[in-house]
Amino acid sequence: MTTQLPHEKGFHISWDQIHRDSRALAWRLDNHGPDDGAWKAVVAITRGGMAPAMIVARELDIRTVDTISVVSYHSGGGKADERREAKVLKGPDADLMGDGEGVLIIDDLVDSGKTLELVRTLYPKAHFATVYAKPEGEPMVDTFITGVSQDTWIFFPWDMALQYVDPYRGKD
């Protein structure tokens, strides 16, 4: 196991911080939906978008929540994660989604924008929101809270213990 960061810079996010930033995202989205300011549903991009989506749904009192599972990274076996072509593993309910109008699609981070680019082609009228955004991916997101440099690696609390630990079942 390497002791080096996967990228030049690391930004550690605590549970408290992701909660505060996700609430800030909800406040920014409040009263901006197409139905008199309301949104009809929240769709989380799994897995990273699940915690922010839960918080946004709670804050905006949105009861219809679904997920879309997109894979665009491959764990590099102790090396930095490697990008690969994005593909949908599980889509949200088709009747709910239509072209995406009135739906908030939430993720934790837009990095290269490849995941959001794929999902946007499927649901062009959805509103895409992330908590954090890197410059390369910013054009793919409609609303975000905090910008971070492209060379910053974000360590989310669901990936961390006192030090990084691999998931019990391994990778991918």
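From the backbone N, Cα and C atoms, a Cβ is placed for every residue, glycine too.
Its own atom aside, the Cβ of SER112 (5-phospho-alpha-D-ribose 1-diphosphate binding site) has 16 Cβ atoms within 10 angstroms in the protein chains shown. Annotated 5-phospho-alpha-D-ribose 1-diphosphate binding site per Swiss-Prot: ARG47, GLY48, ARG84, ASP107, ASP108, LEU109, VAL110, ASP111, SER112, GLY113, LYS114, THR115, in sequence order.
According to DSSP, LYS114 (5-phospho-alpha-D-ribose 1-diphosphate binding site) sits within a helical segment. Positions annotated as GMP binding site by Swiss-Prot, on the basis of sequence analysis: ARG84, ASP111, SER112, GLY113, LYS114, THR115, TRP153, ILE154.
Residues or ranges marked as Mg(2+) binding site by Swiss-Prot on the basis of sequence analysis: ASP108. Secondary structure at ASP108 (5-phospho-alpha-D-ribose 1-diphosphate binding site), taken from DSSP and collapsed to helix, strand or coil, is strand.
Look at Swiss-Prot and you will find ASP111, ILE154 tagged as xanthine binding site.
Annotation source Swiss-Prot lists guanine binding site at ASP111, ILE154, citing sequence analysis. A 10 Å cutoff on Cβ-Cβ distances gives ASP111 (GMP binding site) a total of 25 other Cβ atoms nearby, all chains included.
Once Cβ contacts within 10 Å are tallied over all protein chains shown, the binding-site residues ARG47, ARG84, LYS114 are led by LYS114. In the three-state DSSP classification, ILE154 (GMP binding site) falls within a strand.
In terms of local Cβ density within 10 Å, VAL110 ranks first among the binding-site residues VAL110, ILE154. Looking at ASP111 (GMP binding site) and ARG47 (5-phospho-alpha-D-ribose 1-diphosphate binding site), their Cα atoms lie 15 Å from each other. Cβ environment of THR115 (GMP binding site): ILE45, VAL70, SER72, ALA86, ASP107 lie under 8 Å away, each six or more residues apart in the same chain.
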